[in-house]
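Trainee: First the structure, then my questions, so here it is.
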Amino acid sequence: MIQVLLVTICLVVFPYQGSSIILESGKVNDYEVVYPQKIPVLPKSKIQRREQKMYEDTMKYEFKVNGEPVVLHLERNKELFSKDYTETHYSPDGREITTSPPVEDHCYYHGYIQSDIDSTAILNACNGLKGYFRHHGEAYHIEPLKFSDSEAHAVYKYENIEKEDETPKICGVKHSTWESDEPIEKISQKKDFLEEKKYLELYIVADYVMFRKYGRNVTTIRMRVFDMVNYITVVYKALNIHVALIGFEIWSLKDKFVINASTKNNLLHFSIWRSTVLRKRNDNAQLLTGVDLNGYTLGSAYLKAMCDVLQSVGIVQDYSKSPYLVGAAMAHEIGHNLGMEHDTKTCSCMRGNCIMSPEEEGSDFPMEFSSCSLYDFQNYMLTDTPQCLINKPSNTSIIKNAVCGNYVEEEGEECDCGSPEQCENNCCEAATCKLKPGAKCAKGACCKKCQFKKAGAECRAARNECDLPEFCIGQSAECPMDRFHKNGHSCQNDQGYCFRGYCPTLAKQCITLWGSDAKVAPDECFQNNTNGNEYDYCKKTNNVIIPCKPTDVKCGRLYCTGGTENPSEGEKISSDPCKASYSEIEDIGMVDHRTKCGEKMVCSDGKCIPL
């Protein structure tokens, strides 16, 4: 009996290669036990003199995979957080509690495998090594074996994780036919903008379901979010975009609005919350939800909306145990904000899956953007030039020591155009990162030939009749913050009212859904919305259908006439002159928020209310 017991204990403590095991990522059907050995990076004398930190800036580990030695080089991601990073949660009595925790000495790393030029590593060293690395074209996970007192780790291929759900997850963003109508000569003047280093200050919110899902443990959720952002920073480096987490918020008491299965409604309400309630300045905000979204949808975002006061947002479902898969979904939605459409069959990536694939593909983590995505991104940058991306964060809030010559304008620098051999900026002294004598600026929408443009020079044209142009002030290289007409300003020949820089109208929505020849249907068609059936209603809450009141009928299902035979989204459910669209997966075909529904009246949450 004693002999049997000893054998059992040995099997538990020292798992063998090829067995199944339950790990944090799920059930793994084939894995290998490794014992990472730390290799000193600096000579002992330097290690002793070095400032004492809990986590080192650079580390090196060696272990074997399939009998082959692997040397893992790691460097701490010093650009993960902004200097003014904050965290917010809520007390039981409803008080908002915001702190500025120390995050400089964190445990999140990027790296590579020695002698493997195409390798990548994204992991944390908070308690052992945990994360993802790519070696010889294969995707691997590594994580500590919790039930072992030794340094044992499990290494396994991503493909060997037993899938939680075999059904492919899809993105809720629909294809658009947007094309630039700017003249080539005007676009060519914006090439400098495309080449500039860009900063994306990201704010992430975890909803109340997330809080409950992870046992109300704030530390567990924040570590998961940090893993996601660590992944996102890697993939966006390829676009010369530095992503820094500027704030993280947990709705630990209750959600700030009703979050349900409809990504369209959630996205709208989150965008309104961000623009009217959230006080922390940010370039983009993402809502991480534990709610199961409609159908197989894993997220959604507004297309070409980066820096927009209202629409620079996305929503992502926490659909997988792997933080990197959820991080990939968030990187995908941010890509939509940056103008990228879904990849088609003609798009491809050199290393496996592409980030902008319309559905999650289970064979590997996406690590790069396709040529199609790069084309979309470049077009969007050249036509829309989202200014928040080149606004240097306050105090260059990236946590790292300034390095002259890295193209990043950091604290203490007036400019940074690369090394003296690489610099092509006539206003910047490359060796010192200072402006040349007589120069007042080196770049910016209000900088020309090293001088500030005169006050009154237009630096950002109005996008539409609800937007306002911006003009240089004569004392700065930066274009002033984007402004627009006040809400309620009449637009589109009195067909609508401006709302945060946009003019939502029934006519425009019909054209989007049914093509350029479509028009708004006769008023009697909208009376169907009083029926309160599967298709005709004003609001659906938790699958409960609420019919429209007679005064609210133009705030329910959208009815159009003419145009194409089938809609661009959803399925046709009725014919001319009362054409409508419907989809079970998404709440498609409903009248948009703030659309005009009467004189001085607009739609809001399925009701026609006064401005």
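Along the chain as shown, the residues are counted starting at 1.
From the backbone N, Cα and C atoms, a Cβ is placed for every residue, glycine too.
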Trainee: If I go by Swiss-Prot, which of HIS269, HIS342 binds Zn(2+) at the same site as HIS332, HIS336?
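Mentor: For Zn(2+), Swiss-Prot names HIS332, HIS336; of HIS269, HIS342, the listed one is HIS342.
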Trainee: Which one is it, CYS404, CYS446, CYS447, CYS450, that Swiss-Prot ties to CYS427 with a disulfide?
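Mentor: According to the record, the bonded cysteine is CYS450.
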Trainee: According to the record in Swiss-Prot, which candidate from CYS459, CYS466, CYS555, CYS560 pairs with CYS510 in a disulphide?
Mentor: CYS560
Trainee: Identify which of CYS433, CYS447 is listed by Swiss-Prot as the disulfide partner of CYS441.
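Mentor: Here Swiss-Prot pairs CYS441 with CYS447 via a disulfide bond.
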Trainee: Counting across all protein chains shown, how many other Cβ atoms sit within 10 Å of the Cβ of ASN260 (N-linked glycosylation site)?
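Mentor: The answer is 19.
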Trainee: Does anything in the same chain, at least 6 positions from CYS347 (disulfide bond), have a Cβ under 8 Å from its Cβ, and if so what?
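Mentor: Non-local contacts for CYS347 (disulfide bond): CYS354, MET356, SER370, SER371, CYS372, SER373.
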Trainee: Please tell me which one of the recorded positions listed here (CYS307, CYS349, CYS459, ASN528) sits closest to HIS336 (Zn(2+) binding site), measuring Cα to Cα?
Mentor: CYS307
Trainee: Pick out which of the disulfide-bonded residues CYS307, CYS459, CYS498, CYS538 has the most other Cβ atoms within 10 Å of its own Cβ.
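Mentor: Comparing the disulfide-bonded residues CYS307, CYS459, CYS498, CYS538, the most crowded Cβ belongs to CYS538.
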Trainee: Would you kindly give the Cα-Cα distance separating CYS548 (disulfide bond) and ASN528 (N-linked glycosylation site), rounded to the nearest Å?
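Mentor: ASN528 (N-linked glycosylation site) to CYS548 (disulfide bond), Cα-Cα distance: 9 Å.
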Trainee: Whole-number Å only: compute the distance from the Cα of CYS450 (disulfide bond) to the Cα of GLU333 (active site).
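Mentor: Distance between the two Cα atoms comes out at 37 Å.
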Trainee: Please classify the secondary structure at CYS349 (disulfide bond) using three-state DSSP.
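Mentor: Reduced to three states, the DSSP call for CYS349 (disulfide bond) is coil.
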Trainee: Taking Cα-Cα distance, which of the recorded positions ASN217, HIS332, CYS491 are within 10 Å of CYS538 (disulfide bond)?
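Mentor: The recorded positions passing the 10 Å Cα test: none.
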Trainee: Given the disulfide-bonded residues CYS404, CYS423, CYS491, CYS503, CYS603, find the one whose Cα is closest in space to the Cα of HIS342 (Zn(2+) binding site).
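Mentor: Going through CYS404, CYS423, CYS491, CYS503, CYS603 one by one, the closest to HIS342 (Zn(2+) binding site) is CYS503.
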